[in-house]
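Participant: I have a structure I would like to understand better, so I am pasting it below and will then ask my questions one at a time.
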Amino acid sequence: MSESPRLTTASGIPVADNQNSISAGPRGPLLLQDFHLIEKLQHFNRERIPERVVHAKGSGAYGTFTVTHDIGRYTKAGLFSAVGKKTDTFVRFSTVGGERGSADTERDPRGFAIKFYTEEGNWDLVGNNTPMFFIKDPIKFPDFVHTQKRCPQSNLKSGAMKWDFWSRAPESLHQVTMLFSDRGTPDGYRHMDGFGSHTYSLINAAGERVWVKWHLKTQQGIKNLMADEAERLMGADPDYSQRDLFDAINRGDYPRWNVMIQVMTEDEAESWSRRTGWNPFDLTKVWPHKDFPRIPVGVLELNRNPDNYHAEVEQAAFSPSNIVPGMGYSPDKMLQGRLFAYHDAQLYRVGTNHQYLPVNAARCPVHHHQRDGAMSHANFGPATNYANVVAQGTAPYGLGHGEPPLSVGLAARYDARANEDDYTQAGDLFRLLPEAEKERLADNIAAAMAGVADDIIQRQLAHFAKADPDYARRVSARLKA
Ligand code: HEM
């Protein structure tokens with residue numbers, strides 16, 4: 001018979017009795033000297049860390065990214081340097097608006113965050129299962145998220161808050177249309193696509209830049225839940241997507257996605273923008289596949305469940321600012337806002353040294369002069385803790401890793417919506433849906449508008465009508481029914 005390990009305190013001291021507190025007499029009050037009891041209660045009181053302000057409910061898994069096609073003409077990033085090259089990854093899927101214990105099958109976008117542990121540092125592609133987003137300026141993000149969370153007075157979710165916001169922000173219509181289509185309730189995390197959503201850039205060895213959008217196409221095929229089934233599962237199995245992913249990996253049925261890019265040269269960005277009137281850095285828009293076909297890059301496979309949810313999934317920290325040499329950002333205002341938001345959130349949520357936790361730690365040498373702070377367990381030992389321009393081994397690689405200069409405009413607060421077309425792509429998406437799905441879209445929207453004031457509904461119907469009169473007609477008919 002195998003002996004179970006001997007119980008100790010966190011300091012390794014053997015514990016004599018883990019079932020009976022030290023009391024003054026068999027029925028008496030407890031003694032302060034029972035430090036095992038006190039330490040046990042104290043640690044328990046501190047078990048939770050703040051949940052993510054968005055994307056609080058999630059599931060994670062480790063995997064591998066394998067290059068299948070050479071994209072060396074676009075990027076010098078080492079992880080793409082040879083066909084067949086493998087890079088370890090960690091992925092966290094999530095819902096957005098609910099709390100840590102909320103149901104997995106809520107109508108909501110799904111997060112699809114990938115950490116690539118490359119030899120040149122960690123690249124985090126922190127995307128969603130949708131190629132567009134509700135807003136195009138980060139200054140609106142806290143307001144938008146508040147409408148998706150709870151009413152400050154009733155502590156209830158509020159259709160009125162959501163539709164009030166969306167109806168006054170018509171740039172949201174494209175994403176709203178996707179949210180209320182069948183894709184708003186994916187059947188677990190394995191049967192949905194992923195998107196980097198923003199425009200990023202890639203830089204090749206000659207220092208040339210192209211704009212790029214990242215796509216992940218599920219090899220499992222798209223599968224969505226019908227609204228009534230999603231609703232039933234919220235009660236019957238609120239952890240449906242967690243269970244589906246965990247069980248699939250446990251039985252060796254590893255989910256895979258084809259990783260692809262859309263590429264736009266700087267000249268094409270100019271000409272496409274002139275031709276369509278659309279801004280290639282506008283997150284509420286997509287780049288049509290017919291103009292910018294998807295180019296295959298590799299395969300992402302998830303093949304190992306974490307051993308400990310808190311250590312590896314809850315404490316995982318992704319940031320869109322984490323890119324590697326051979327990549328760059330773009331002028332996308334939303335991306336620019338996100339470059340700041342994530343590390344800042346993690347300093348608060350996980351702590352000053354969150355980047356050294358095993359799930360977050362780079363798997364390549366790390367040299368810098370940041371030191372100390374809470375939980376600094378290695379702290380670079382005796383290494384020098386100050387920068388010197390001629391310091392050996394820590395000299396910067398060179399400005400921007402060879403990124404070419406980017407011309408930018410005059411600093412001002414521009415109205416991001418002025419003269420923008422919020423309707424064509426939303427209408428295109430509506431027209432693309434099969435007849436039965438158009439009907440379900442209208443059903444889902446009408447159901448979500450229950451109890452919402454008429455002026456808000458009328459304002460939103462006007463947006464549907466501008467996207468496609470048939471869209472507004474169907475929703476109106478459902479509302480009347
Ligand atoms: C999580 C901010 C837009 C995808 C988060 C977190 C913050 C945040 C603060 C929590 C981070 C943490 O505690 O670790 C913002 C801001 C946005 C924005 C300010 C807009 C300006 C987006 C967009 C996407 C996205 C457009 C997708 C394209 C995600 C994902 C997570 C997340 C997937 C969860 C990452 C994980 O699994 O840990 N966001 N977000 N966010 N966000 Fe955003």
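Cβ from N, Cα, C; glycine included.
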Participant: Looking at 1-23, 93-115, which one is region 'Disordered' according to TrEMBL?
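Facilitator: Checking TrEMBL against the ranges 1-23, 93-115, the region 'Disordered' one is 1-23.
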Participant: Residues with Cβ closer than 8 Å to the Cβ of ASN128 (active site), same chain and 6+ apart in sequence?
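Facilitator: Long-range Cβ contacts: PRO109, ARG110, GLY111, PHE112, GLY194, PHE195, SER197.
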Participant: Over the domain 'Catalase core' (8-394), what is the model's mean pLDDT?
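Facilitator: So the average pLDDT across the domain 'Catalase core' (8-394) works out to 96.
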Participant: Same-chain Cβ contacts of the region 'Disordered' (1-23) under 8 Å, 6 or more residues past its ends?
Facilitator: 29-31, 33-37, 39, 43
Participant: Roughly how many Å lie between the Cα atoms of TYR342 (heme binding site) and HIS55 (active site), rounded to a whole value?
Facilitator: 12
Participant: Sort HIS55 (active site) into helix, strand or coil using the DSSP assignment.
Facilitator: coil
